[in-house]
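S.K.: Look at TrEMBL and you will find CYS42, CYS47, CYS50, CYS72 tagged as [2Fe-2S] cluster 1 binding site. Feature annotation from TrEMBL assigns [2Fe-2S] cluster 2 binding site to CYS112, CYS115, CYS148, CYS150. Positions annotated as domain 'FAD-binding PCMH-type' by TrEMBL: 209-387. Taken from TrEMBL, the feature FAD binding site applies to LYS395. The Mo-molybdopterin binding site annotation in TrEMBL covers GLN737, ARG880, GLY1033. Annotation source TrEMBL lists active site, proton acceptor at GLU1206.
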Amino acid sequence: MDKVVFKINGIEYKIGGEYSLDFTLNEFIRTVADLRGTKVMCREGGCGACIVSVKASAPPTNELTTFAVNSCLVSIFSCHGWDIITVEGVGNRRIGYHAIQQRLANLNGTQCGFCTPGWIMSMYSLYESKKNALTSKEIENSFASNICRCTGYRSIADAFKSFANDASDAIKQQVIDLEDIATSKCKGCKSDEESWCIIETNNNIKKEIDSDGQKWYRATKLEDVFQAMKSGDYRIIAGNTGQGVYSYSDQPKTIIDISNVTELKGHELEVNLVLGSAVTLNEMMDVFLKLSEDNEDFSYLKQLWEHMDLVAHIPVRNIGTIGGNLFMKHRHNEFQSDLFVLFETVGGMITIAEGVGKYKKITFPEFLKLDMNKKLIFNVLLPPLSNCCSVKTYKIMPRSQNSHAFVNAGILLQFHWNSQVLEKANIIYGGISPSFIHASKTEMALIGKDPYTNEALEIALKTLAEEVNPTGKEPEPSVEYRKMLAISLFYKAILSLCPNDKINPIYRSGGDVFKREVSKGSQHFDTDKALWPLNKPVKKLEAMLQCSGELVFTNALKKQGNEVYAAFVTADVAPGSIIDNFDTTEAFKVPGVVAFYTAKDIPGKNTFTSPMELTLIVVDEELLCSEKVMYHGQPAGIIVATREKNANTASKLVKINYKSINDRKPLLSVDDILKSSETSTRIINNKTIEPTNIGNDVKSVIKGEFKMGDQYHFYIEPQTCIAKPINDGMEVYSATQWLDLTNISVANCLNVPVNSINVIVQKVGGSYGGKISRSVQVACAAALVAHLLDTTCRLILPLQTNMMCAGKRVPTQNSFEVGVNHKGVIQYLKTTFYQDKGHSKNEMTSGFTLHHIGNCYDTKSWQIVANTALTDKPSNTWCRAPGSAEGVAMTENIMEKIAYETGIDPIEIRIANLNDQTNPIKEMITQLKADADYDNRLEKSKEFNIKNRWRKRAIKMALMQYDVFFFGNYNSIVSIYHGDGSVAIIHGGIEMGQGLNTKVAQVCAYTLGIPLEKVSIKASTSHTSPNTMTTGGSIGSECVSYATIKACEVLLERLAPFRQKGALTWERLIADAFNAGIDLQASYMYSALNDDIKPYCIYGVCALEVEIDILTGNHNVMRVDLLEDTGRSLSPLIDITQIEGAFVMGLGYWTSEKLVYDNATGRLLTDGTWTYKPPGIKDIPADMRIYFSKNTKNEFGVLQSKATGEPALCLATVVIHAIREAVRSARLDAGYPDQWLQIDNPCTVENIFMAVGHKIEDFKLK
């Protein structure tokens, strides 16, 4: 029997039919090699957590190359001959750390650390493949593969750009004390080729493996492929990257791997450029770049290279092939294949192999209609193009990188020799409809004309408007947008190609695409060395362990004997439907399925919210739906199997039978409820605040509405729990923010004493509020299975399930009426807001919104009515800056509208309405205007707009007052070890990336007067920290630090008599105290009821400059200057990245993160990385400058500090005002009246573009 042979970190593995054909490299690394540093989240190749490095050879050259791959997409059977390196193999505690790991840690490029191994492996692969020949631009462009929700990316980019040959002086200065990269070597797997143990000299060997009735063929010759096809039921794969777009649920009898078929690899230049179908996309791009420089007839390939740089990302392009992409287009005609558009634009051809030696050349449109059964894409042919041809291509996406096209376009204009009269035109679009390829009528209309005249352009645009008719399919953008965008892109191409003498210069920039400069940032803060280690800029305690993958997260617990995996069976039906029973027949046919449970199997209460025992939670939410479905995707059962993938597969095969299926349209928004007959039962009036001092100098009355959507938290660590029965109860390893709620809810669910459940939290891989209560449902489910089967159970929610059934940021909307005097001072304000809480009343955020809607302004004349709406969606929950982000945004919008209606400068309007008590804001405005060169840049943006019709800039400022108040209990136990004086702390807070542990350690070291290196923090557990409040609201670090200070003070009091005996070293002091029988452990519980930590305010000012491509709706945040009052920072580097991360998450909320639901069923349609787009590394501000207020202290805060984890997100609302101002400029140019413009939130590419109000008659050259 054939075996697949490969190495992981130098250890050889031989595998065969004992593994199923759907076994991925990621699953093997984590569960067989038991290397948990490599993470997994989306299983779509869209997050980067799973990336590993590979060194392997491939035909035709068999040259060894190093490349990154998404291990979640790669089949383990595709790994023959591979030498695989995981993050542990790059460097670790035992063998030492690689310079890449050291720099990312030292430059504070980690927060929660869950995504960090993927970043390390992407950079490691890039560095090894380029042999130190890297530029800053190339580095920054190479991480479309990786998502980080915590840091805001700037610190990661700086760390990696320190390896560039052209690294900036500022970055070099940051790493001055680090080992120079030229002398750094990879520890454990040296970078020179001799150190790589290649398994076989010739890896190109045919393999045939049988696995439980299925066959895997590793073909090396074309005849192998056709022989394997004879089975009839087959699938051809190469990189298997299409799984990230269209997930296959069925498994054929035969899988044929063609990635090593010699005849399908390589390229050759005859008359045409011939590219084998198994050539990877990155190999193709390398050919494009070289040939475009070497051969004038193929100079157009540089344009194609630039377009391909926007397709997917490097790890996908490393193994994804030409043939794979094109066949996906063949199988799914609606797929917006960039390759198809590019190749058809330039007149390419495709060769189909019907057998060995049986080849047929056809056009790409013909290919789409061809029956491909027992046929194979052999190669593609790209023709030479003379200098009579001009080519432009475009791809419009929801963010800068790693997104599919809303619309992609290719335009080829072929002129008669030495003429500007067209001989031929190709106008190709993707994203219009499954059948649309050519704008044929427009192509014909242009022949014989000079396209660079207004007359010809008008004909072309009107013809396009007639023949481009998109079809609609959610969650893709609207047909109206895609139609006008297609027209706009043709105009954009003409502007780009038009000779200078035929175009008005103000139109020229409309032909360009954004060419973003390499990003940069600066951080401005003070540090007092007299206080160190407090206030010292230090890396996180866990940073090196995060960078080596050694940090233990929940699902890093080593494999347990007889462990099982659980998966939710969800009610994928309209809310209001009634469950009858379950049919598990098909599910139990899946190998390894061992059990199925429903609400009837729960020994205790069927709830995960335990409302009687805890605050914030007021009603029961069912663990498993017992009868009435509350929202589409509600968990209704649990299927259990011995393998995670099989449990997830089986969960889809359980059939839920319903007594009735509700055919009523679900109520999915506040507007739905207000229009319905159920207003009285679904709208809750939370509170009404009446004004105390209404003015009577009303000169203008202004009215308006403002709506904000929901936001998925996008934590990279999924909702995860491992429940493990022990002798006297159960250990519950949960990725949760709230020990106590988890503890009580699990006990209630199992009907056991609370003290028999020990909830253990190692570290949480990001949360942002999403694991306060929503994590408890997963913990209760895992514990239920472990209890019923008496064995360890893991439950890790797949991304799609997670997004479907977990609550999100609370959508909020308000209406307002405001009366102002001639200076814009508010005389009265009436505002009513509604918040969509989903189906339950738990975790209402209206109180937080009421605290923040006043922002930094005088509210004595304001009437505020707060309401909550109950909709047919999952119960929405806390999300970073909950309530506060919405409150600040509503008020900043009102200030902007007052400014617009009165014609007064928006900053002056804000100053005029400030609360007299908020004196720091005025000073901060003055400081930031100077630091940001605000007034000068404002004038320059106005000048830019005058000179550019299709590019517009705007700069805006926003203000913030963020109220911090304290609640709950947080304990800390400080233990000193007499052996060496080292200190260990156990506390009730949860470290989830915010730096809580590092700050607590710094506070402890400062209080005890010892080096920071003496202090370590241990895992949080409910046995050591019972009755603790959730870590949230930005107060966790302060409350635990306070408790730690108090515990340390107890210890210092006990040590005081020994210090009076004379100067002693710390170690001697502790030894003497121990010998005298002194208790060297102390604990303290902070209580909001008993301890005197008073609420305080955080102030912030932010200026943001944006540029809009009016013809596409794309935007670029050019610069951000953010000044925040941080008090005396406990740990400046941590606070910097907390501010940057919060702000960038806010940018995502306001621009790219749009959740779309099916109005008929309530199903979430944007349920994965393919459709939901948080910001990437090239979506952050190109220039991000963070300032801490100077010489500020907080008399109410712990050691004069202030919170930083959430406030900056509130300031990100400034981006929508800058975007609106830029669009306003474009509308004025178009002749629209100067009216207030309310762009729908989020300000996506579509919403920006549609707000412009494009008219075809405005598209002209002169």
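Including glycine, each Cβ sits where the backbone N, Cα and C put it.
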S.K.: What number of additional C-beta atoms lies within 10 angstroms of the C-beta atom of the residue listed as 'active site, proton acceptor'?
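M.R.: So the number of other Cβ atoms within 10 Å of the residue listed as 'active site, proton acceptor' is 28.
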S.K.: Within the same chain, and leaving aside CYS112, CYS115, CYS148, CYS150, name every residue whose CB is within 8 angstroms of the centroid of the CB atoms belonging to the recorded [2Fe-2S] cluster 2 site, in sequence order.
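M.R.: Counting only non-site residues, the set is THR110, GLN111, GLY113, PHE114, THR116, ARG149, THR151, ILE716, GLY765, GLY766, GLY993, GLY1141.
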S.K.: Sort out the sequence-distant neighbours of CYS112 ([2Fe-2S] cluster 2 binding site) for me: same chain, 6+ apart, CB within less than 8 Å of its CB, listed by position.
M.R.: ARG149, CYS150, TYR715, ILE716, GLU717, LYS763, VAL764, GLY765, GLY766, SER767, MET992, GLY993
S.K.: Going along the chain, which residues six or more apart from GLY1033 (Mo-molybdopterin binding site) have their CB under 8 A from its CB?
M.R.: VAL964, PHE965, PHE967, GLU1206
S.K.: Excluding GLN737, ARG880, GLY1033, please set out which residues of the same chain place their CB within 8 Å of the center of the CB atoms of the Mo-molybdopterin site, keeping sequence order.
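M.R.: For the Mo-molybdopterin site the neighbour list reads SER767, TYR768, GLY769, ILE772, TRP878, PRO882, THR1030, THR1031, GLY1032, SER1034, GLY1036, GLY1205, GLU1206.
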S.K.: From the binding-site residues CYS47, CYS148, GLN737, ARG880, pick the residue whose C-alpha lies nearest to the C-alpha of LYS395 (FAD binding site).
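M.R.: Of the binding-site residues CYS47, CYS148, GLN737, ARG880, CYS47 has its Cα closest to that of LYS395 (FAD binding site).
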S.K.: Filter the binding-site residues CYS115, CYS148, GLN737 down to the ones within 10 angstroms of CYS50 ([2Fe-2S] cluster 1 binding site), Cα to Cα, kept in sequence order.
M.R.: CYS115
S.K.: Near the [2Fe-2S] cluster 1 site, what residues other than CYS42, CYS47, CYS50, CYS72 in the same chain have a C-beta no further than 8 Å from the centroid of the listed C-beta atoms?
M.R.: ASN26, LYS39, VAL40, MET41, ARG43, GLU44, GLY45, GLY46, GLY48, ALA49, ASN70, GLY118, THR1169
S.K.: Can you tell me how many other Cβ atoms are located within 10 Å of the Cβ belonging to ARG880 (Mo-molybdopterin binding site)?
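M.R.: I get 26 for this one.
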S.K.: I'd like to confirm something. Which of the binding-site residues, CYS115, GLN737, ARG880, has a Cα closest to the Cα of CYS47 ([2Fe-2S] cluster 1 binding site)?
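M.R.: Nearest by Cα distance to CYS47 ([2Fe-2S] cluster 1 binding site): CYS115.
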S.K.: Counting only residues 6+ away in sequence within the same chain, which have a CB under 8 Å from the CB of CYS148 ([2Fe-2S] cluster 2 binding site)?
M.R.: GLN111, CYS115, TRP119, ILE156, ILE716, ILE1177
S.K.: Between the Cα atoms of CYS72 ([2Fe-2S] cluster 1 binding site) and GLN737 (Mo-molybdopterin binding site), what distance do you get, rounded to the nearest Å?
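M.R.: CYS72 ([2Fe-2S] cluster 1 binding site) and GLN737 (Mo-molybdopterin binding site) have their Cα atoms 27 Å apart.
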S.K.: By a simple count, how many Cβ atoms lie within 10 Å of the Cβ of CYS115 ([2Fe-2S] cluster 2 binding site), its own Cβ left out?
M.R.: 30
S.K.: So if I measure Cβ to Cβ from GLN737 (Mo-molybdopterin binding site) and keep only same-chain residues at least 6 apart in sequence, which ones fall under 8 Å?
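M.R.: Spatial neighbours, sequence-distant, of GLN737 (Mo-molybdopterin binding site): VAL764, SER767, GLY769, LYS771, ILE772, SER775, ILE990, MET992, THR1030, THR1031, GLY1032.
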S.K.: Using C-alpha atoms only, work out the spacing between CYS42 ([2Fe-2S] cluster 1 binding site) and ARG880 (Mo-molybdopterin binding site) and round it to an integer in Å.
M.R.: 21
S.K.: Starting from each candidate's C-beta and looking 10 angstroms out, tell me which of the binding-site residues CYS72, CYS150 has the most other C-beta atoms.
M.R.: CYS150
S.K.: Around LYS395 (FAD binding site), how many other C-beta atoms are within 10 angstroms of its C-beta?
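M.R.: For LYS395 (FAD binding site), the 10 Å Cβ neighbour count is 27.
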